[in-house]
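J.: The transmembrane segment annotation in TrEMBL covers 21-43, 49-73, 94-117, 137-158, 170-189, 195-216, 236-260, 272-293, 314-337, 357-379, 425-443.
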Amino acid sequence: MQYDKELFETMPIPKAVAKNSIPAIISMMVVFIYNIADTFFIGQTGDELQVAAITLSMPVFSLFIASGVLLGIGSTSMISRALGEKRVEYAKHISAFAFYASIILGLLLMVTFWVFMPALLNIIGVSPDTIDYTREYLTYLAMGAPFVILSQTFSNIIRSEGKSTLAMKGMMIGTITNIILDPILILGFDMGVSGAAIATVIGNTFSASFFVIYLISGKSILSIKPKDFMVRNGVLIGVLAIGIPASLNNLMLSVANVFLNNFLMSYGDIQLAAMGVAIRANLIMIFVQIGLGQGIQPLIGYSYGAKHFDRLRGIIKFSIITAVILGSILTAIYWFLADTIVQSFIDSPDVIEYGTTMLRALIISGPIVGIMFVFINVLQGLGKVIPSLILSISRHGLIFIPLLYILDYSVGLNGIIYTQPISDILTVIVSIMLYTVVSRGLVEQKAMR
């Protein structure tokens, strides 16, 4: 029962980044499959209204993910720094807190959504044609809130002890289950959106169960034992301090999607469905970069806790170069295969036409968007609360929402389509500025050693 000390301290930087980031990227691809599996199989029904219902439900699923990110990223940052400082018992208290907080938060969200379903449907912008399908999907999806949050939380936390491959396996178990069940329930039993939601819930239940079994097996340095549960001594405050800015990135995505859906509704259900397909297709690009960032976060946190500042800067430099190379390659692939990619989601000529245009617009920022995700995870790994907060609310909030109003008013539908890539480019600039300020403090800390 030991964390991977070689990975954190002596392994060459390119190898260490690859060892922790490749499984994290694969894990994000697993999350991508979770996101697109429902849309893909619902798309095979040829029913645009059911596809639109899945699109409208994205903010709710994003809220569940955001809750897992809050606890997972906040705990990972603290655990990584604690291990770097050789405070193993403190790391156990953090992981136990994250476990029980995940269950409690999941149950609260489940009950809240069931009780306030009518209000929720109004908020996310359903139309008379999509309201029944959306209600069906969300009713079942809410049931899985505790399992979605738990699996998301510990897929992050387990990486903090250098077990990135194990985290990947846990996510893959859930995804494979989901992929098997989707066609059976959606098409075979003709359950439509209800079948899609049930498959997602069962898949996340299997994933969460895998992580729980590992944590109680004695093979982990972490703990979920009741005796290790603690909220004092900086555990609760520390997790929230980093977790809230991290989760705000996902929460603002939910808010941005609600705004986006409501703007698109004025143009029609076809445009709404097309944007939903384009966004989900673009998730490969985004999730690869998020996976790279999440993979380096434990390395950043440990190096900072152990005061290995030269190694820390080396990890950041290598990760930025890698992010730009990956982003450029994926952008080229997406640009030339955009129509084929969109067609794989739905067999509707109108949706395909709009979706192809929207996808090509979304990937304009592709070559550089990874820089932002690297710096988001660097700031979280360092425990820099205010810079993390600013960056987390910029991409989908401070920048995106005002741009959406401005571009819709001045340009119309095309303005809406190009809001996200413009927001991404501006947020990359903000991320560089914030890290520049933080890096000056690192230089001063090194000089004081």
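Start at 1 and count along the chain as shown; that gives each residue its number.
Using the three backbone atoms N, Cα and C, a Cβ is placed for every residue, glycine included.
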J.: Does the transmembrane segment (137-158) come close to the transmembrane segment (272-293), meaning at least 3 CB pairs under 8 Å for residues 6 or more apart?
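T.: Answer no: the transmembrane segment (272-293) and the transmembrane segment (137-158) share fewer than 3 Cβ pairs below 8 Å.
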J.: Are the transmembrane segment (236-260) and the transmembrane segment (21-43) close, by which I mean at least 3 Cβ pairs under 8 Å that are 6+ residues apart in sequence?
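T.: In this chain the transmembrane segment (236-260) does not contact the transmembrane segment (21-43) - fewer than 3 Cβ pairs sit under 8 Å.
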J.: For the transmembrane segment (49-73), which recorded stretch in the set 94-117, 137-158, 170-189, 195-216, 425-443 gives the largest number of Cβ pairs separated by under 8 Å?
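T.: Per the Cβ under 8 Å count, 137-158.
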J.: What stretch, picked from 21-43, 94-117, 425-443, has the most CB pairs under 8 A with the transmembrane segment (195-216)?
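T.: Looking only at 21-43, 94-117, 425-443, the most contacts with the transmembrane segment (195-216) come from 21-43.
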J.: Considering only Cβ pairs under 8 Å, which range in 94-117, 170-189, 425-443 makes the most contacts with the transmembrane segment (137-158)?
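T.: Selected stretch: 94-117, with the most Cβ pairs under 8 Å.
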J.: Near the transmembrane segment (21-43), which same-chain residues lie under 8 Å Cβ to Cβ, leaving out any that are not at least 6 residues past its ends?
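T.: 50-51, 54-55, 61, 155, 159, 164-165, 167-168, 171-172, 174-175, 178-179, 182-183, 186-187, 192-193, 196-197, 199-200, 203, 276-277, 280-281, 283-284, 287-288, 290-292, 294-296, 319, 344-347.
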J.: Cβ under 8 Å to the transmembrane segment (94-117), counting only same-chain residues 6 or more beyond its ends: which ones?
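T.: Distant Cβ neighbours of the transmembrane segment (94-117) are 60, 63-64, 67-68, 71-72, 74-75, 78-79, 82, 135, 138-139, 142-143, 145-150, 153-154, 157, 215, 222-226, 228-231, 235-236, 238-239.
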